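Annotation source Swiss-Prot lists carbamoyl phosphate binding site at R59, T60, R109, H137, Q140, G265, P266, citing sequence analysis. Summarising the annotation, Swiss-Prot assigns L-aspartate binding site to K87, R170, R224.
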Amino acid sequence: MVFFPHRHLIGIKGLTEQDITYLLDKADEAVKISRQREKKTSTLRGLTQINLFFEASTRTQASFELAGKRLGADVMNMSVGNSSVKKGETLIDTAMTLNAMRPDVLVIRHSSAGAAALLAQKVSCSVVNAGDGQHEHPTQALLDALTIRRAKGKLSRIIVAICGDVLHSRVARSNILLLNAMGARVRVVAPATLLPAGIADMGVEVFHSMKEGLKDADVVMMLRLQRERMSGAFVPSVREYYHFYGLDAETLKAAKEDALVMHPGPMNRGVEIASEVADGPQSVIAEQVEMGVAVRMAVMETLLVSQNQGPRTDGLKA
């Protein structure tokens, strides 16, 4: 019996509501394991996970590493800075070299959109996209959804306002796809210069005012101003951006009283979010980090168990 009909996790696009629910239910079980004193299982014993990060990462790489190790996999982190890539080797050559080592899953983060999909075409193991350019970041969307569902009890019919640098955000794209698939009502709030062309065609409501966009929102998801991906002047100044699009306690009052405050990290305090909000009672930013490990455990077991020998008795229950 195939529990999950996909060999890879390249993006949220292509996943059904049932696929997403399956992964979230599986992740709920992983949360229980992560909160035990004895956190390690033997579910993926004897299997190998290679983390291939071409972009700097702290949270995501550590989260994937911890997820694999808690499931008993052998985990290798490849340092791109010291690799053959720096000597001119192409992504395909690197992929073929690693594939010859017979890993069971490759986790890749790359600055180019489509890198994970390309890798999946060239290797015989499963591939998980840990972020590819401005395209997608599927496990971030899944962990955000898990955080919301555990706090609100559902994803359907809730209002989620995604605010900030939507243009450069793969997190925004994956969240929009997932939340729409699960029946949520999605808003984006940003200056016109930080919205991609055709954003309204993705099934979202577009706002240019924080007060209007946050009105009656159940969830406020702030995005980092990604200045490293900007080649021009997208905002007049950081100070002006914060004045109009930063989230402080006063601005948050426009949302529902019990609205969740989220941020995928890393945060720029005083740029898109005030410390009083990031550290406040409505913030679930720390919970997002915890849910990240659980979601990645669920993804790893789902892909590797489906691909290999079927469910083991000590695995996660969905």
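Glycine too: its Cβ is placed from the backbone N, Cα and C atoms.
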Site extent for carbamoyl phosphate, whole Å (max Cα pair distance, R59, T60, R109, H137, Q140, G265, P266): 16
Sparsest-packed of the listed binding-site residues (G265, P266) - C-beta count within 10 angstroms: P266
R59, T60, R109, H137, G265, P266 filtered to the binding-site residues whose C-alpha is within 10 Å of R170 (L-aspartate binding site): H137
Cα distance (Å, whole number) from R224 (L-aspartate binding site) to Q140 (carbamoyl phosphate binding site): 14
Sequence-distant neighbours of R224 (L-aspartate binding site) in its chain (C-beta under 8 A, six or more apart): G164, D165, S169, H263, P264, G265, P266, M267, N268, V271, E272
T60, Q140 as binding-site residues, winner by CB count within 10 A: Q140
Cβ-Cβ neighbours of R109 (carbamoyl phosphate binding site) (radius 10 Å): 24
In the chain carrying H137 (carbamoyl phosphate binding site), residues 6 or more apart in sequence that have Cβ under 8 angstroms from it: N129, A130, G131, R170, V171, R173, S174, P264
Three-state secondary structure, which DSSP defines for R170 (L-aspartate binding site): helix
Among R59, R170, which are binding-site residues, the residue with the most C-beta atoms within 10 angstroms of its C-beta: R170
Cβ-based neighbourhood (8 Å from the centroid) of the carbamoyl phosphate site, residues R59, T60, R109, H137, Q140, G265, P266 excluded: S57, S63, A130, G131, V171, P264, G292
